[in-house]
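**Student:** Quick one: the structure is below, questions incoming.
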Ligand code: GDP
Ligand code: ZN
């Protein structure tokens, strides 16, 4: 396939003062050479691949130095896009990076669409679809742990598992085909059934295992939706502040989200907490008051974790009991706060209301209980320490949906085998699940989907 040359500003992960203009395509090096001047007078057209060069970006029309830069020259196919790639590292602020990009565009490059670099890597066969999506996840990764999952996926761990499953299905389909072609043996029909049943069960089990990781995967990717509740004055804001101050706040504001619920991210021992509706707690002290009963019910319903604060220094009220009723069946940790004050709370009743959930004794005033709380959260979601490096977490919503679909078809195939449905019908279900799994890796996927997927990427990746 023939491509034109595209360019975009691509700021490295972790940000910093450096801005990068990235160019890919057949004219990438020529365009860079056109605007580059080295103190030694060398030309970029003649340098070796994968080398870095110091010099200046020059606007030759005005013979003006625009920016002091380091230019990386990487010749295809050993590059991310498999094409010639040039990266111009600018040290100035955003303004000068923009000026360099503008200059590159006047030399014939086109501004890249969102995700177009990654799309090229995919189309040129450098990475598969789930790896491409991992690039996007990486950009959005909230903690180191989430980063590892995305990295693992980028290295193709999920793809490898999916391909193996597809291979298994294909083998059994081939075997069934052979059995159908040679029906002279008496027990062929039974053999075929047994074979299909065993294989379908195996595939189903493997898909189930992958889906089980998706809960953790989702948490790593999106953060654990956490809501702090409790009556006024029990210490909700104080708890929130402890979280935000003791833990590095990861993201305070996510561009592009249009939710009217304010969120704050904190990293609790590798678990990214998305503290939802903290503004409600800060400003009006009361979620219900601020966003209304319906909305707050919805926020509560969508929460992964409830932090329920009660006051050691007050008796239990009807409102407390109502709140316990509201969060029935949900993951929650009960925090008994103000332990520094005299006891008025009936702990035995709290234990009953907590229904076996963890209770933390705390005093936000004396900085007591936060360690225990963080430990509780961490062991709740990652059973202590999980080594993410050798686990495949499925964390992408599209992958989860496809795995669920594939599972449904396998279920139908299984049901078919067990209830004596003709083999060719069962075969169709197996084939469908094979195709569905292929959509995860992009081995069977439509152009339209690809375009839509890549348009979600950040610009410059
Ligand atoms: P919220 O209404 O639930 O958000 O409660 P706040 O966090 O605003 O706290 C209400 C009041 O209780 C404030 O004056 C806090 O300083 C105080 N407070 C919070 N935690 C403690 C604690 O552990 N001990 C004591 N003695 N006071 C606390
Ligand atoms: Zn408050």
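Using N, Cα and C of the backbone, Cβ positions are placed for all residues, glycine too.
Bear in mind that TrEMBL entries carry predicted annotations, made automatically and left uncurated.
Copying in the features that TrEMBL gives for the protein in this structure:
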- 22, 87, 126, 461: (6S)-5-formyl-5,6,7,8-tetrahydrofolate binding site (BINDING)
- 223-382: domain 'TrmE-type G' (DOMAIN)
- 233, 252, 254, 257: K(+) binding site (BINDING)
- 233-238, 252-258, 277-280: GTP binding site (BINDING)
- 237, 258: Mg(2+) binding site (BINDING)
**Student:** For each of 233, 237, count the other CB atoms within 10 A of its CB; which of these binding-site residues has the top count?
**Tutor:** 237
**Student:** Going by DSSP, is residue 236 (GTP binding site) sitting in a helix, a strand, or coil?
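**Tutor:** In the DSSP reduction, residue 236 (GTP binding site) maps to helix.
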**Student:** Determine the binding-site residues, out of 22, 87, 126, lying near ligand 1 in the sense that the CB is under 6 Å from one of its atoms, and give them in sequence order.
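**Tutor:** Passing the 6 Å Cβ check against ligand 1: none.
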**Student:** Under 6 Å from ligand 2 by Cβ, which binding-site residues from 22, 87, 126, 237?
**Tutor:** 237
**Student:** Around the Cβ of residue 87 ((6S)-5-formyl-5,6,7,8-tetrahydrofolate binding site), how many other Cβ atoms lie within 10 Å? Please give the count over every shown protein chain.
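**Tutor:** A count of 20.
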**Student:** When a 10 Å sphere is centred on the Cβ of residue 126 ((6S)-5-formyl-5,6,7,8-tetrahydrofolate binding site), how many other Cβ atoms does it contain?
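**Tutor:** Excluding its own Cβ, the number within 10 Å is 19.
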**Student:** What three-state secondary structure does DSSP assign to residue 126 ((6S)-5-formyl-5,6,7,8-tetrahydrofolate binding site)?
**Tutor:** coil
